[in-house]
């Protein structure tokens, strides 16, 4: 009969408890896993399953002392590390939402807002379309497995018990600036088309003041905007793979992996 002392039991429990906290923090923030269509019960099952898989792969020497101040602080630390890793992936998806928001404004659809049931927020309808496209692309190339692999790498790069300040926080700040810059670049075709369209309508108004620009302008603006959006979506695959390489670099920088 196998017997365990209290100390041995707490050591074994700690080897599962600490990865579980990091995985839970990641699940609460990371895209796809934090989708509201995934119930809390299913998210809890996923967290437990991933923690069971990651626990044997992690070198955990942190003692687990129930109800101690050190354990409470350590739990918060692990939740923050997991949350920041998930935030890095959320910023990647936010890039395309930002591009969709800019395109919507240029097309005159800034007021065409729909509720995003996944995140519980309201987003521009074009942003929602781009988000669906990029989510399908991300899943088709096993992006969800890449996120799990990142969690595993974080166990090696930032072992359990290491302070959250060991994360390269500068990488997150750079990722936010990267999100806005790339979102703007992705929407440049639509911006260029809309600028040319509005300039043309301005010249027509000066040439023929009697022209009903409101009756003619909005339908044409919508038509040209849809054409520009089509051109953007058709190149989404190439853009996605290029952005994915950059995302990998940012995640490695966040984990301080050289």
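Don't overthink the numbers, they just go from 1 along the chain as shown.
Each residue, glycine too, has its Cβ placed from N, Cα and C.
The transmembrane segment feature in TrEMBL is assigned to 16-33, 40-59, 79-99, 120-141, 184-204, 211-233.
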> Which listed stretch (16-33, 40-59, 120-141, 211-233) has the most C-beta pairs under 8 A with the transmembrane segment (184-204)?
Replying inline: 211-233
> In the same chain, who gets a Cβ under 8 Å from the transmembrane segment (16-33) while lying at least 6 residues past its ends?
Replying inline: 43, 46-48, 50-52, 54-55, 58, 60, 62, 64, 74-75, 78-83, 85-87, 89-90, 92-93, 135, 138-139, 143-144, 147, 151, 154-155, 160-161
> In the same chain, which residue numbers or ranges, 6 or more beyond the ends of the transmembrane segment (40-59), come under 8 angstroms Cβ to Cβ?
Replying inline: 15-16, 18-20, 23-24, 27, 33-34, 148, 151-152, 155-156, 159-160
